[in-house]
Every structure is written in C-alpha cells, then in structure tokens.
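Noted in TrEMBL for the protein shown:
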DISULFID  C3-C38  disulfide bond
DISULFID  C28-C43  disulfide bond
DISULFID  C66-C103  disulfide bond
DISULFID  C70-C108  disulfide bond
DISULFID  C81-C93  disulfide bond
DOMAIN    575-613  domain 'PLAC'
Amino acid sequence: EVCRELWCLSKSNRCVTNSIPAAEGTLCQTGSIEKGWCYQGECVPFGTWPQSIDGGWGPWSIWGECSRTCGGGVSSSIRHCDSPAPSGGGKYCIGERKRYRSCNTDPCPSGARDFREKQCADFDNMPFRGKYYNWKPYTGGGVKPCALNCLAEGYNFYTERAPAVIDGTQCNADSLDICINGECKHVGCDNILGSDAKEDRCRVCGGDGSTCEAIEGFFNDSLPRGGYMEVIQIPRGSVHIEIREMAVSKNYIALKSEEDDYYINGAWTIDWPRKFDVAGTAFHYKRPTDEPESLEALGPTSENLIVMILLQEQNLGIRYKFNVPISRTGSGDNEVGFAWNHLPWSECSATCAGGVQKQEAVCKRLDDNSIVQNNYCDPDSKPPENQRACNTEPCPPEWFIGDWSECSKTCDGGMRSRTVLCIRKIGPSEEETLDNTNCLTHRPIEKELCNNQSCPPQWVALDWSECTPKCGPGFKHRIVLCKSSDLLKTFPAVQCQEETKPPVRIRCSLGRCPPPRWVAGDWGQCSAQCGLGQQMRTVQCLSYTGQASSECPEPLRPPSMQQCESKCDSTPISNTEECKDVNKVAYCPLVLKFKFCSRAYFRQMCCKTCQGH
C-alpha cells in the first residue's frame, strides 16, 4: 500500500520506511487498478479523483449537565459534521455546532453566595506572585463583563483570574443577561436564554405597566446654615429609582431608613462612589468630577426609604422619579393604548472602519411612553428595525499579533514564533497590511525561547543487528541505552521509564531455508591389495547449518559402499626378503583366526603369522 506507507530500499539492501505515505500523484497499482495514482492515501485510477461530498450534520447529543444548581444556568448539546463527513474537497457543514438552553432558573436560596463571588474565592488558596490573597469580584469599568476579574481584598489592585467566567454567570448585577463561552448573551425577564420577554415599567415580566404609577418631581429648597434636609420618601416596592442633581455642587445626596439609619453619606461622612446593597436592591451612587452626582436603583425596594440632601451651599435642584406599586381590581389598563415606537439609535457597533447603528422597534404605553411586552401591540403593524452605517473612517494602524506556534522542542530550550504585522482596518471585514513604520508603538517580538527546562533521560536505540539465522524465522537484536538528552551521558536503565523502552529484539526472516541434503565423504582405500575388494565412504543428512537431520529423502541417499579392484603384483617374493608382519598392523592374530591368510593382501601384511598356513 504505497499510498499509505512508502518503503524504500537502502544501499545495504534493507527495506526502510518513515511511516509516511507516498506523495500525491505517485504511481500505484492494486488488484483492481492496473495503473493508478495516490490521492489522499488511496490508490485511485490514474487521472481521476473521488467526487467531492459535502458534509452533513449528525444528530444532536442529549442535553448536558446544567452549569448551575440554581439562579439560571445553561446546558449544552452538540452535533458533528459526520453524516456524511466532508470528503474529496467537499464543503463543511454550515450552522450551529453547539446549542444552549436555560436550566435551573429558580432563584437561589436567600443568603446563598453570589456565583461570581464564589468563582473568585476559589483562587484564595492559590498563590499569586508568591502570595495568598482573598479575592472578591471586580466589576468596575474597563474590564470585559464575562472575564473573571477579581479584586485583592485590602489591596488596591485587581487582576483577571480567568479569561471567562463559568457559563450562566450574570454579565453584571443589574441585568439578567448571562455569559456563555466568554460572551454576554441576552436572557429575557422569564430567565430563558434568548427570550423576548420584557419587564414593564413596574418590573413585571410581560406586564402592561398597569400595576404601578410614576412619581417624579423637582426639589430645590435650601437651609440657611446647611445640614441634612429631606427630599422625598420612597415607598416599599418602588422600582426604577433615579435621583439626580441638576448641576455640579458641593451638596451630597444621602439615603436613610425610616428609623434614621443612614445607608449612604450619613453622619457628615461622604462615601466613595460605588454600589450599595440597600433594601433588597443595588443602589449605584455616582459622583463624576465634571458631572452632577446621581443615585439609581432598579428595585423593588424591601422597605420605605428617605432621600436626603446634605446642604453645604445653595441647592441648585434635585430631580427625582420612581414608580410605586398600586392596587387594581381589574386585569389591567383597558383604556390605555399601546403603539410601536423606535428606540433611539444604538451606539455604533465599531469605533472605526464601519460599524452599524440600529433602531429597535418596541411596544410602548401611550400614556407614559414606557416599554411593555411586544404582544400588547399589533404584530402586523410592527415597523422594521432601522439600520445605518457609522464610523466609516479607517482605523489607526495597529499591530496584528498571531498565536504562538508550538515550541520546536518540549525541553532543553526550543523556539516558538508568531506572525506580527502592521495592519489597518479599512472596512468591517477588510484590512490592509502596512509598512512597520506606520505602527507607532514598539513592535512585539516574533520569536522567543521556550521550554528551557532540562529534558529527562531518554531511551536511545542503536542499530539493529543482522537477522540470525540467515534464513527462516529468526531475530534481530539491538542495544538500548538510557542517555541524557544531549546524548553525552549514559545513566542506569532505572532512570528511564520502563514502559517507554523500545524493543531490543524483533522477529525477522530472510526467506525460506534450503531443505536438508545428503552429503557424501571421500571414498576410502580398496579392501583388496590384489583383485576385487570393497571401499567405503560416509554419507550424512545435513541441514543448511551443517547439523545432522533426519529429513533427507531416503530414495536419494548416495551409496556408502562400492566394489573396487586392485592390480595384483606378479613379482614373487624373494626368498632373501625377510618374512615378517608389518609392524603397523595389529590385527594379524585375527587374520589367522578368521582364516584370511589365503588372501594376498592379508598374507603380505601378516607374512610371519600366515607362514605355514
């Protein structure tokens, strides 16, 4: 399967592979394709490629666990682009891969810890720059609402402890909108994600604004010598409370209970502008340096409150308005009409390079212009949402910084890099690359060292030995050492992980071995000195390694004995020659015993023994 794994023959006639497929277009052949080429790891007919198949969504998974046990969490469900998966250059699926829904929307028990506060407190036992702190949520300006920014209690700093809060965390205290994947998503007043349900002016979800009435007025009385002076009483259950000075002054808005317990700016002590949790709601006290101070709360309040003013100079006027609950016997204001109205233009969605402003159409009461649920207006007469372009001028040049690449090494010091470009955004989805000199700030670094820690000892395998034996099943062996990462030091094997040790022996085969064969030795001397005799030789069945075997075919066995003939010497023995036994021959008594003296050879060799017989 060359298209899946390419094997090459080395100079030493060994097959080697890097376990990578052959290049696209490499010629290939299969049982059914005589001439083909490689395409995406498969051998296909030459000059063709499979037809592209667009991806299709698979089924949604079951809904996952809720992110919160109370107070409005979210659960998710996912699907995959695998029915079918895109192939042959086909398109990926379009649409949502993950969806969310609200869950556990019931309010948390009274006194339960704030969800964002708990997430910050989870970092109390983790050191920050070598020290431990008690962390509280920081929700001031200049931070992303869905990032977990925490304030070190007792210290004048905050930091981002996590890039995103847990899904289901409220974006801010005065909104039901929640964070999902680090982004703020709209939640209706019914605590349902993406719902159109709206609160009316009385903070009744889906109401028509008939269960409360608006109280507003202007207060500009003064005291000759200064001091605290009552402005207005706010009844229990009031909502949408706004108290605002008409001009910047040295006077201060204060708030107290019916029992004269001050919550804000009491006892001639001026509080820092911040959020105050009072009477079951959050009061936001603001005092900008160049704008009049204000006090706002969504309500409803859980007790009667009294707004005061601490006078230190002439009172230039305080405007107040809030909605107080009223009792009605009917189901609502049948005599009040409702009509569609466009809201003011929203803020531009971008500060430069072209954004969008929108005018949403909402349903309002005709008597006080307060927003109510859309179903109180005729849906057929709803005007379209208005849109217009804004801030179309190009953005100032800025550095585009890409993500860091993977480190080139996991230890012993590697390098990583990223793309750094000077760009200018000239449209909502259009950018241009500029020369680096156009970006005025210092150019961010493109490369840096990474993973400088020393590598642990590692296994280093030497080359494999030749396969032994030379044919048939055998083994290759090699030496595996525990070495330092720079390969300069050798450690005891116990310092490397045993489970990652490469094998030191593998099976191999250089082909089938030749079968055992008969091997014959040289013929011995003829047994007769004169005339016919016999000569012998050894015949063995040997394997290719030279070891004795019993698997040679018997019909092919060579003979181990054959007849032979020696020429007889016609010259008689001289009487003068001494008749004696050849001293090297020790079997002459046997020759006599077995009556071999009649044979010329034995008679000559054992002349003395055979004499007279």
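Glycine residues also receive a Cβ, built from the backbone N, Cα and C atoms like all the rest.
No curator has checked TrEMBL annotations; they are predicted automatically.
Recorded features from TrEMBL, shown on the structure.
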residue	record	Cβ within 10 Å
C3	disulfide bond	21
C28	disulfide bond	20
C38	disulfide bond	21
C43	disulfide bond	22
C66	disulfide bond	19
C70	disulfide bond	14
C81	disulfide bond	18
C93	disulfide bond	18
C103	disulfide bond	19
C108	disulfide bond	15
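With respect to their backbone Cα atoms, C66 (disulfide bond) and C93 (disulfide bond) stand 27 Å from each other. Comparing Cα positions, C103 (disulfide bond) lies closest to C81 out of the disulfide-bonded residues C3, C43, C81. For C93 (disulfide bond), the nearest of the disulfide-bonded residues C3, C28, C108 in terms of C-alpha separation is C3. According to DSSP, the domain 'PLAC' (575-613) comprises 16 helix, 2 strand, 21 coil.
When Cα-Cα distances from C81 (disulfide bond) are compared across the disulfide-bonded residues C3, C70, C108, the shortest belongs to C3.
Residues belonging to the domain 'PLAC' (575-613) score a mean pLDDT of 75 in the model. Between the alpha carbons (Cα) of C43 (disulfide bond) and C3 (disulfide bond) lies a span of roughly 6 Å.
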